[in-house]
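These come from Swiss-Prot:
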ACT_SITE  Glu102  active site, proton acceptor
BINDING   Thr25, Gly26, Ser27, Thr28, Asp80, Gly81, Ala82, Asp83, Lys93, Gly94, Gly95, Gly96, Lys120  substrate binding site
Amino acid sequence: MNLKQLAGEYAANFVNDGMKIGLGTGSTVYWTIQKLGERVKEGLSFQAVPTSKETEALAQQLNIPLISLNDVQSLDLTIDGADEIDSNLQLIKGGGGALLREKIVASSSKKLIIIADESKLVTHLGTFPLPIEIIPFSWKQTENKIQSLGCQTTLRLKNNETYITDNNNMIIDCIFPNHISNPVHLHTQLKMITGVVETGLFISMTSTAIIGTKNGIKKL
């Protein structure tokens, strides 16, 4: 069993009968969803809000009951992955392109459980490119303003074409040469730029991190 599978399957144990949960997106959450599909076959009853079309399709294949976030006041918990996790449980997310929906669902949840393998633990955020979702209109102007904060930017592509999110937006991936020293301040600066929809910085949102390590599960 690989470390992503270890963390992903373990997190499925947090889901109990009657819960309303958020299901994240990515290669680690894939294992959570697979395990939850097995538990549905065994009789577990819960409802889930998917954070992407990819997750929605997988959940439907496994007969996991899906609901809209519009139909609930809050979710009991959300299980999602991360691209980087620092010692304060601040995150970079969005490598899979679903950061906006992931953040909306996470912010509507009583608990956010982050799952990852130990390679995602970092001292400072910023080695992994920070994704920023922007609207397509005048995207180059928005990119220039983002660059003025001191980062190198790349417009995300897929199959040599501009990557389009599930919300019909674009993603700019940003590298900060000296890492991200103050994630809270940077998030605020980015959100003040007109054209920026959301950032991949998840600040003070994580309740628990479940890390798959060579020595087993580690909880943060």
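One is the number of the first residue shown, and numbering goes on along the chain from there.
Glycine is no exception: its Cβ is also placed from the backbone N, Cα and C atoms.
Taking the features listed in Swiss-Prot, we show where each one sits on the structure.
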{"residue": "Thr25", "record": "substrate binding site", "Cβ contacts under 8 Å, 6 or more apart": "Pro50, Thr51, Ser52, Glu54, Thr55, Asp80, Gly81, Gly96, Gly97, Ala98, Arg101, Glu102"}
{"residue": "Ser27", "record": "substrate binding site", "Cβ contacts under 8 Å, 6 or more apart": "Lys4, Gly81"}
{"residue": "Ala82", "record": "substrate binding site", "Cβ contacts under 8 Å, 6 or more apart": "Leu91, Ile92, Lys93, Ile114, Ala116, Lys120, Phe202, Ala209"}
{"residue": "Gly95", "record": "substrate binding site", "Cβ contacts under 8 Å, 6 or more apart": "Gly26, Asp83, Phe128, Pro131, Gly200"}
Problem - Chain-mates of Thr25, Gly26, Ser27, Thr28, Asp80, Gly81, Ala82, Asp83, Lys93, Gly94, Gly95, Gly96, Lys120 with C-beta within 8 Å of site centroid, substrate - result: Gly24, Val29, Ala116
Completion exercise
Longest inter-residue Cα distance for the substrate binders Thr25, Gly26, Ser27, Thr28, Asp80, Gly81, Ala82, Asp83, Lys93, Gly94, Gly95, Gly96, Lys120, rounded to the nearest angstrom, is 16
Exercise for the section: Return one of helix, strand or coil for Asp80 (substrate binding site), based on DSSP. Expected result: strand
